[in-house]
Amino acid sequence: MFPMVTEFMNYGQQTIRAARYIGQGFMITLSHANRLPVTIQYPYEKLITSERFRGRIHFEFDKCIACEVCVRVCPIDLPVVDWKLETDIRKKRLLNYSIDFGICIFCGNCVEYCPTNCLSMTEEYELSTYNRHELNYNQIALGRLPVSIIDDYTIRTISSSPQIKNG
């Protein structure tokens, strides 16, 4: 009869322990109930990117001297620089410049080491397409300035919504 009493006491202790664990989990759940949602409705709401966000690369054709520093510092030798040597003035003339964003890792080395600052990172991050060949941008596509998220009146930015507080 004595082992039956100890089993009943163990069963009671296990029941109390299980109820305590369930109560702790429920308290954590309730502590999150008064917080605002963290998710955003993407096509209609967008995050404002940070100041040093590394998005699509902007290229200024007139500033480029075809030195190919961007190609040398790129870990995957990505930028394609076509140039022609002008023999009368002994300088390179840039013919074509392109970057394939399907391969680019957005490390920012090309922007950082460019001696003429003809490359810069933009806040544009919507580069998805159905055809991977559309991600190969030439100097005309790279020269296009992106529309700022803040200036787009059709989109509500996250900074205009209530602040998310960490509980």
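Cβ coordinates come from backbone N, Cα and C, glycine included.
According to Swiss-Prot, the domain '4Fe-4S ferredoxin-type 1' annotation covers 55-84, on the basis of sequence analysis. Swiss-Prot lists C64, C67, C70, C114 with the feature [4Fe-4S] cluster 1 binding site. Feature annotation from Swiss-Prot assigns [4Fe-4S] cluster 2 binding site to C74, C104, C107, C110; the stated evidence is sequence analysis. Under the heading domain '4Fe-4S ferredoxin-type 2', Swiss-Prot lists 95-124, citing sequence analysis as support.
Feature annotations (Swiss-Prot) mapped to structure.
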residue	record	contacts (Cβ under 8 Å, 6+ apart)
C64	[4Fe-4S] cluster 1 binding site	L94, Y97, T116, C118
C67	[4Fe-4S] cluster 1 binding site	K92, P115, T116
C70	[4Fe-4S] cluster 1 binding site	P79, V81, N109, C110, Y113, C114, L119
C74	[4Fe-4S] cluster 2 binding site	C107, N109, C110
C104	[4Fe-4S] cluster 2 binding site	I57, I76, L78
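C107 ([4Fe-4S] cluster 2 binding site) counts 14 other C-beta atoms within 10 Å of its own C-beta, drawing on all protein chains shown. Other than C74, C104, C107, C110, the residues of this chain whose Cβ falls within 8 Å of the Cβ centroid of the [4Fe-4S] cluster 2 site are, in sequence order, I57, C70, V73, P75, I76, L78, P79, I99, I105, F106, G108, N109. Taken through DSSP, the domain '4Fe-4S ferredoxin-type 2' (95-124) splits into 5 helix, 9 strand, 16 coil.
Apart from the site residues C64, C67, C70, C114, the chain places the Cβ of I65, A66, E68, V69, V81, C110, P115, T116, C118, L119 no farther than 8 Å from the centroid of the site's Cβ atoms, the recorded [4Fe-4S] cluster 1 location.
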